[in-house]
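Student: Sending over a structure as structure tokens; questions will come in a sec.
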Amino acid sequence: MLSTQFNRDNQYQAITKPSLLAGCIALALLPSAAFAAPATEETVIVEGSATAPDDGENDYSVTSTSAGTKMQMTQRDIPQSVTIVSQQRMEDQQLQTLGEVMENTLGISKSQADSDRALYYSRGFQIDNYMVDGIPTYFESRWNLGDALSDMALFERVEVVRGATGLMTGTGNPSAAINMVRKHATSREFKGDVSAEYGSWNKERYVADLQSPLTEDGKIRARIVGGYQNNDSWLDRYNSEKTFFSGIVDADLGDLTTLSAGYEYQRIDVNSPTWGGLPRWNTDGSSNSYDRARSTAPDWAYNDKEINKVFMTLKQQFADTWQATLNATHSEVEFDSKMMYVDAYVNKADGMLVGPYSNYGPGFDYVGGTGWNSGKRKVDALDLFADGSYELFGRQHNLMFGGSYSKQNNRYFSSWANIFPDEIGSFYNFNGNFPQTDWSPQSLAQDDTTHMKSLYAATRVTLADPLHLILGARYTNWRVDTLTYSMEKNHTTPYAGLVFDINDNWSTYASYTSIFQPQNDRDSSGKYLAPITGNNYELGLKSDWMNSRLTTTLAIFRIEQDNVAQSTGTPIPGSNGETAYKAVDGTVSKGVEFELNGAITDNWQLTFGATRYIAEDNEGNAVNPNLPRTTVKMFTSYRLPVMPELTVGGGVNWQNRVYTDTVTPYGTFRAEQGSYALVDLFTRYQVTKNFSLQGNVNNLFDKTYDTNVEGSIVYGTPRNFSITGTYQF
């Protein structure tokens, strides 16, 4: 098989050696792969910049990335576990939101709070760092601003770095950092595609992606991506309408200078969303089960979100091998919602609801509530850094250094009212026909501003031809001002990684970084928990083949933390349902991950991964047992050599048993979801050179499963279908 190799000197070199690993996998898993087109003796040289993000538009892998260190490298050179979800995989698997991407990414698990809110975890800890083009946004789970609903039509790929990522983000849990890479205007000719999709629950989706030069020489280019989606749901009364748009201009201002500037808009309007799930427990300790269509949302409930972002990137090359990059962004995310939740136990005799605080006395027998919440999150961020190579002791090395500043303001308002048993009546007869609250004026619920200033640097030193050392550090000044208190912290996060090249295809690595994470969680008295501190260690083995078209990673990790927030399962007294947490010291998460991703042959793409970890506190108690300790995820596509117009594929996601023990007035109950697998299928037929039809089936066997054993019952998505027509020009 012909390919090129991205080497350690940031150059592309032609190679004609076939991939032994790819051949072995192909022969073992699919004998027909042996009949793929044979290699020829002709050498093909691919010219391109070392910063080219992708060497195959139809691959599940990419050639190089700056994830983890901001230095452009192959994944094999990064001493951490990295997963990249490419545009082709998102199209094959119909991963249309950030949440859907994370659900199908190795090592990431989900806890679904209701119809639209979900928390995502890796290695046992919540993911709280979400970046766009390397600029982070921090969000709180209490407020639903639609982060996981970001539409992937606007993005080229998603990069996931697992473990602590303090060198990139300054603060954060040792879970993972998610970076969404925007689409850019890369074509000097007019090109594009339009698609229409129709599916289960009256889904309709239309997307256009167009590129065009704005000048005759193509040095100024534009790209517009726009779309509209409307769908109902398996949940009664639910409807979602989404509009999204991105416009970007990329300009070559000279031979050494490029400028990108753009605007992003997303609007998501949801009618009758749920706020929490269905009551799990009866008063006798038995658990409930419901039809998956059952919803606690009344007809008048809604949750509307609007996202506006402007952004720019300026790049300047200098001194032959150096480049300075300035990223800037301003984003505003607004939401407005009126919803209803039920938090109660069911009396099996008559279906009447009993509140969790009924034994506190009169006035405490409420069984839920209604809330009118609104607010805005504003983020202003700048990031300036330079990276390049230098020579020392006769060897080439790499250096990156820079600084960043971000200001994030969260300002939210709320009005709420309690619901009492007689207002609902028997829950067995509840159908969402509930009168809208006579709302009181909203009051200020939260107003806080977080400032973060950082200086960072890292160098990749070639100690010997096969041995590379990465050293780095990030100094962070973090300050938050809230309605009730102010806090300022200074922290330096060290980073060290060692990579040893075993041969042309295999490397082994070790890495270390510290952990620093201020927390927004509060204890039962309403006080904020102290920052999380700790250490992250990782050892691994990586390989890449065919110019990184196929990559593998085997990683062993150990995470040590103090002051980790763990849910108590009860709300903070006097709060609007906010869960109380306790700080747990001596928390250790340790485990192993394996991933294979990319092209097995020119016709066969495969991503396969498995994760196993254990997370315990210093007393041996499981931390977050509501998260699966073992997961396996696989997705593949295969283009038939005998009928190259036809591509078939599918995948499976499996997780082991999860549970949560909940203390109630009636005793301690255990909520449990056994292990289960979800199977998906897809096929695509290239009808003409420009037009294709694709069909997808998700949850093929219509598995019923609970996505949130930590709280009320929230069922996962039932079996669903879609068909998509795409025209390229």
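From the backbone N, Cα and C atoms, a Cβ is placed for every residue, glycine too.
As annotated in Swiss-Prot:
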SIGNAL    1-36  signal peptide
MOTIF     42-49  motif 'TonB box'
REGION    48-72  region 'Disordered'
DOMAIN    74-183  domain 'TBDR plug'
BINDING   Arg117, Arg142, Trp275, Tyr357, Asn373, Trp416  Fe(III)-coprogen binding site
DOMAIN    189-729  domain 'TBDR beta-barrel'
MOTIF     712-729  motif 'TonB C-terminal box'
Student: If I restrict to non-local contacts, at least six residues apart, and a C-beta distance under 8 angstroms, what lies near Tyr357 (Fe(III)-coprogen binding site) in its own chain?
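Tutor: Tyr357 (Fe(III)-coprogen binding site) has long-range Cβ partners Phe364, Asp365, Tyr366.
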Student: Other than its close neighbours in sequence, what residues sit by the motif 'TonB C-terminal box' (712-729), given a CB gap under 8 Å and a spacing of at least six beyond its ends?
Tutor: 94, 112-115, 191-201, 203, 234, 274, 276-280, 288-290, 292, 342-343, 678, 690-706
Student: Near the Cβ of Trp416 (Fe(III)-coprogen binding site), how many other Cβ atoms are there if near means within 10 Å?
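Tutor: Excluding its own Cβ, the number within 10 Å is 19.
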Student: Taking the Cβ of Trp275 (Fe(III)-coprogen binding site) as reference, which residues of that chain separated by at least 6 in sequence fall under 8 Å from it?
Tutor: Asp114, Thr296, Ala297, Ala301, Met339, Met340, Tyr341, Gly371
Student: Can you tell me the mean pLDDT for the domain 'TBDR beta-barrel' (189-729)?
Tutor: 94
Student: Here are some binding-site residues: Arg117, Asn373. Which one has the most Cβ atoms within 10 Å of its Cβ?
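Tutor: Highest number of other Cβ atoms within 10 Å: Arg117.
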Student: DSSP on Trp416 (Fe(III)-coprogen binding site), three-state: which is it?
Tutor: strand
Student: By DSSP, what is the split of the motif 'TonB C-terminal box' (712-729) into helix, strand and coil residues?
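Tutor: Residue counts in helix, strand and coil order: 0 helix, 11 strand, 7 coil.
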Student: Per DSSP, what is the helix/strand/coil residue tally across the domain 'TBDR plug' (74-183)?
Tutor: 26 helix, 40 strand, 44 coil
